[in-house]
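*Asks:* The NADP(+) binding site annotation in TrEMBL covers 12, 13, 14, 15, 40, 41, 159, 160, 348. Residues or ranges marked as phosphate binding site in TrEMBL: 100. As annotated by TrEMBL, active site, acyl-thioester intermediate applies to 129. The substrate binding site annotation in TrEMBL covers 156, 268. Annotation comment: TrEMBL describes 275 as active site, proton acceptor.
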Ligand SMILES: NC(=O)c1ccc[n+]([C@@H]2O[C@H](COP(=O)([O-])OP(=O)(O)OC[C@H]3O[C@@H](n4cnc5c(N)ncnc54)[C@H](OP(=O)(O)O)[C@@H]3O)[C@@H](O)[C@H]2O)c1
């Protein structure tokens, strides 16, 4: 079997690390691996297939002889270095949002639009993590009854914002737990930890120490421990965040449905890994919940966990470290003639990033791809 020289760009990051594990686990035919990151990481050694590999600094000469360059650095750096890598003859699969809406760049989810991958001109874009898991779950239903409108609310983990956001959740949680946690139950206030005094006002519990010192907050816009906020990426003038707009535009591009009506609310939650989504779809024709389950039970990349009588539905801690997109709470939306509600959960570092990227490379080399 032919083997390929692969560069992992951003190898020390959350996605880069997952890329390396995914290449190993799926036995991608790697001849040589090159690990690239910033100056900060030069000299670090990372294990690949049991061997230590030195991290090198990313520069314009990094891509000589590279066949596939899997990028997971920020958009600005991708814009700078992806064209250089492509010019050197590598096929770039980029995880950032730098090229996703570029007409010349395919945006690929192998379960949905695998053929688009072959139209690349050197760069292929990997979609946003929340978009990937949603389209994997809804596309098989779209093929059956055509989706007219999507209303999605996301519950996104901190790892979706990189390693520093994970550190922020850890640090804030530690500092709050160390100070003590107040719980309210049947009118009584319980405190744990240091047992600091708590004040109750109008039946609710307030604690100054449930807010962490603002100096602990780093990369996310607010405290995330014991909190959540509807703010992922920057706000645009129309009141939506960039993350919400990405979900709309990318879904349309991947599903090749430019007129599809889509609206999204993206929320950051204090979960380490795996995003969850409440997805409502309105379809042209009727599809019962049972019919939807039947279709999804055969859909590539999808696993159904849907047994509400036994409190079984997907959740992030179960999806973490797995490849599948998990779907549950499949039920008819009784407020419209043809509608369904779904609960969709997947590991944002795997299917939402590294796995999807490696699957694209697999498609191109003619191996399994799914
Ligand atoms: N996390 C997700 O779920 C997810 C999903 C889809 C797409 N993405 C996208 O993937 C990209 C990386 O995300 P991540 O979560 O892996 O972030 P991360 O954990 O913060 O890692 C960032 C990586 O970029 C490298 N880097 C930073 N500045 C650099 C420079 N000047 N030159 C070379 N390398 C540099 C870092 O190297 P050092 O360690 O040396 O600083 C690190 O390897 C982002 O564009 C993100 O939007 C992330």
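Placed from the backbone N, Cα and C atoms, the Cβ positions cover glycine too.
Give me the structural setting of these features: burial, nearby parts and distances.
*Replies:* Mapped onto three states, the DSSP output places residue 40 (NADP(+) binding site) in helix. If you draw a 10 Å sphere around the CB of residue 40 (NADP(+) binding site), it holds 10 other CB atoms from the protein chains shown.
Secondary structure at residue 100 (phosphate binding site), taken from DSSP and collapsed to helix, strand or coil, is coil.
All protein chains considered, the CB of residue 129 (active site, acyl-thioester intermediate) has 28 other CB atoms within 10 Å.
Annotation note: residue 268 (substrate binding site) sits in a strand segment as assigned by DSSP. There are 26 other Cβ atoms within 10 Å of the Cβ belonging to residue 268 (substrate binding site).
In this structure, residue 275 (active site, proton acceptor) is part of a beta strand by DSSP.
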*Asks:* Do any of 100, 129, 156, 275 (recorded positions) have a CA within 10 A of residue 348 (NADP(+) binding site), and if so which?
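*Replies:* Matched recorded positions: 129, 156, 275, sequence order.
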*Asks:* Is any of the binding-site residues 12, 14, 40 within 10 Å of residue 275 (active site, proton acceptor) (Cα-Cα), and if so, which, in sequence order?
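*Replies:* So the list is empty; none.
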*Asks:* Taking just the CA atoms, what is the gap between residue 14 (NADP(+) binding site) and residue 129 (active site, acyl-thioester intermediate) in Å?
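*Replies:* A Cα-Cα distance of 13 Å.
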*Asks:* Under a three-state reduction of DSSP output, how is residue 159 (NADP(+) binding site) classified: helix, strand, or coil?
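*Replies:* Its secondary structure by DSSP: helix.
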